[in-house]
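K.L.:
The structure is given below, and queries will be raised subsequently.
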Amino acid sequence: MADRISGGAHEVSAVVAIEEEEIAPSGSDVPTPQERKMSWQNLRRHDSLYLESRKLHGRDHSEDDKKKWSVILQLAFQSIGVVYGDIGTSPLYVYAGIFPEGIKHEDDVLGAMSLIFYTLTLIPVIKYVFIVLRANDNGDGGTFALYSLICRYAKVGLIPNAEMEDGEVSNYQLNLPNRRQKRASRIQSALENSHFAKVALLFATMLGTAMVIGDGVLTPCISVLSAVGGITEATSAMTEGRIVWTSVVILVFLFMAQRLGTDKVGYTFAPIIFIWFAFIAAIGVYNFFKYDPTVIKALNPAYIIYYFQRNKKDAWISLGGVVLCITGAEALFADVGHFSVRSIQLSMSLVTYPALICVYAGQSSFLRKNSDLVSHTFYKSTPGSLYWPMFVVAVLASIIASQAMISGTFSIIQQSLSLGCFPRVKVVHTSAKHEGQVYVPEINYLLMLACVCVTLVFKNTTNIGNAYGIAVVFVMTLTSSFLVLIMVMIWKTHILLVITYVVIIGSVELVYLSSVLYKFDQGGYLPLAFAAVMMAIMYVWNSVFRKKYFYELNHKISPEMFNEMVSTTSFRRLPGMAFFYTELVQGIPPIIKHYVEHVPALQSVLVFVTIKSLPISKVPADERFLFRRVEAKEIDVFRCVVRYGYTEVRAEHELFEKILLERLEKFESDRRALCISDGRVEEDEEDGNGFGGAAEAWKQGVVHFIGETEVVAKPGAGFGDRIMINYAYNFLKRNLRQTDQVFEIPHKRMLKVGMTYEL
């Protein structure tokens, strides 16, 4: 069989499924020997699922528009319980955040209402609902979705594990316009040729991830504190200390319940959030007509100008409170994968947005007549007969809002693992029915500890609101930055539209960012400090992860060297099959040489297994396994690359070993069929590489080899590298899960092979 030189290793590929038209030309019943030879030469470079990937397709979210309206409406209703808890509970604390020192002029309320109205319209509705949702990655959203789109279009990954076959995965391809290619090509070339640009993109992705995790800490604190604080309207016995400790108890209960799973969030809690929106909308309309309907004048943006003319610097500072009305807007994009673009657009446009406008208008009308009650606007503006029902629903809604952000944090951690940007933690799928519902035990307890500490230290929503605003606006600004790059390079949007987006939306977000950063010393440092810690952890892990990969890549074993090792008189061929897990997608890892030098024996069938993440959200199950045969003597050696999307992990219930064997047998069977058609069977059998040995070897026993590598800084390394590798990385590695715990490898059939890498 012909050689395939790939990264220094001679590997052979075969096709799993061969359609007749791929071999025989039109009008011919039986291919000639020359035609068979040409067919072999044309097909041998493709991966084992080449033809399957052409016939099978992943989830096509472009079909959402074709769904029945009943299904879309059902999804829209379910999304209310997952997506809008955070932004929906913002009326609890927005006006208190805008006017922490009280209202100085009655028309300031009109200016604040105008700011709220246009901010809600511009950011959540125009930006996210009608623009950003278009940038979904096969239906999934979030910072990683944007980064994955860029990675698929331009070669900006820092680890060279991309393969030609990856582009053949059915949902990998991008549907690109063919206009404005020149500008897009220049930007693509600049990204691919700049190491700084690649690092900057990864850094921005990690920063966005850290900020979202910070959001997951602050949302439960501010939501629960705001809701529980409403009890002071009913009794003066609830002091600030009691409110704080009640909130802590609720938070602890909330985090302890995470292990039960979050798969029913959208279905169980959607009615509660819907009732919440109905209540706040009705109360808002009631207050609007009861107190001062003239607040409708706030639709005139001139009141924003008047507001800034009167208050100048104080008006700019108050923007940090205005931005709280759009907390959770990022969830519109991040959670789209659980529903659909159309359902999110409908639920936002028909339920969430109108309800929020009504409640803020009602609160504005109330404050026009009761400006001294701004610190407790929400509960003070609630009619007395509705106080207790509203209090109960508010507490439940705040818990649901917290639940949604906690679940989102778990998903973010899962995606970080796929890029090698986060230390190994256990990701548990809590639902076999609903995709994306995961639980990360270590992160759950760290979040709980952080939430309890923040609540006990800050005690009120004002300082937490200052911190909250920074996390929110930072993530929005990063999303806009990625989106502009996607507009120019992938969508090839007209330059005037790109400039319009930057001038209007980009400039508004930068103004808000400048305002929230002003409150750095009033609690704003919290998300930045938290993000700095998370970034340090992610940077250390990712840097050493890449150094390890390049070490293995530079020290990989060639097939000739491998054949020389197994051809010695002392080498023994054992019955059975061995799976050897490695990060490399090409070539034989150096640890195999280390093993054979000390234990000169290997199983008769050796499979190098690489679990690799592609820059797409999901990989169709039938396109997950990519096989090649490595030319070796004495034993049968195969390369298996198992490809997952960044939102997927291998669940415990998957019979991974059995599925891998079935695919390997199919690979051998189809390779045999191709060789028979080409008249090469005898040649392969003479080389000792016969067919059908995998099934027999599996019956004789399977062993899983795990490379347990220790890393140390090489002699002469800089002080920073020594600290990062010898101390920081190894500290994280010792205190987190090992490879076998992450992959759920059976301990009775597992062997660990130790080796030290000098990086």
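Keep in mind that glycine also has a Cβ here, set from the backbone N, Cα and C atoms.
The model shown is predicted, which means the values in this text are computed figures rather than measured ones.
Sharing the record's features from TrEMBL:
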type     : residues : note
TRANSMEM : 69-89    : transmembrane segment
DOMAIN   : 75-561   : domain 'K+ potassium transporter integral membrane'
TRANSMEM : 109-130  : transmembrane segment
TRANSMEM : 243-260  : transmembrane segment
TRANSMEM : 267-289  : transmembrane segment
TRANSMEM : 315-334  : transmembrane segment
TRANSMEM : 346-366  : transmembrane segment
TRANSMEM : 386-406  : transmembrane segment
TRANSMEM : 443-461  : transmembrane segment
TRANSMEM : 467-488  : transmembrane segment
TRANSMEM : 495-518  : transmembrane segment
TRANSMEM : 524-541  : transmembrane segment
DOMAIN   : 575-759  : domain 'K+ potassium transporter C-terminal'
K.L.:
Cβ pairs under 8 Å with the transmembrane segment (243-260): which stretch of 267-289, 346-366, 443-461, 467-488, 495-518 has the most?
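P.N.:
Going through each listed stretch, the top one turns out to be 443-461.
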K.L.:
Check the transmembrane segment (315-334) against the transmembrane segment (386-406) for contact, please; criterion is three or more CB pairs under 8 Å, pairs 6 or more apart in sequence.
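P.N.:
Since 3 or more Cβ pairs under 8 Å link them, the transmembrane segment (315-334) and the transmembrane segment (386-406) do come into contact.
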K.L.:
Residue list, the transmembrane segment (267-289) vs rest of chain: Cβ under 8 Å, 6 or more residues beyond ends.
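P.N.:
Distant contacts of the transmembrane segment (267-289): 77-82, 84-85, 88-89, 91, 295, 351-352, 354-356, 358-363, 365-366, 381-383, 386, 389-390, 393-394, 396-397, 400, 403.
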K.L.:
Pairs of Cβ atoms less than 8 Å apart decide it: which stretch in 443-461, 467-488, 495-518 has the most with the transmembrane segment (524-541)?
P.N.:
467-488
K.L.:
Going along the chain, which residues at least six beyond the ends of the transmembrane segment (495-518) come within the CB cut-off of under 8 Å?
P.N.:
119, 122-123, 126-127, 131, 180, 183, 316-320, 322-323, 466, 469-470, 472-474, 476-477, 480, 483-484, 487-488, 524
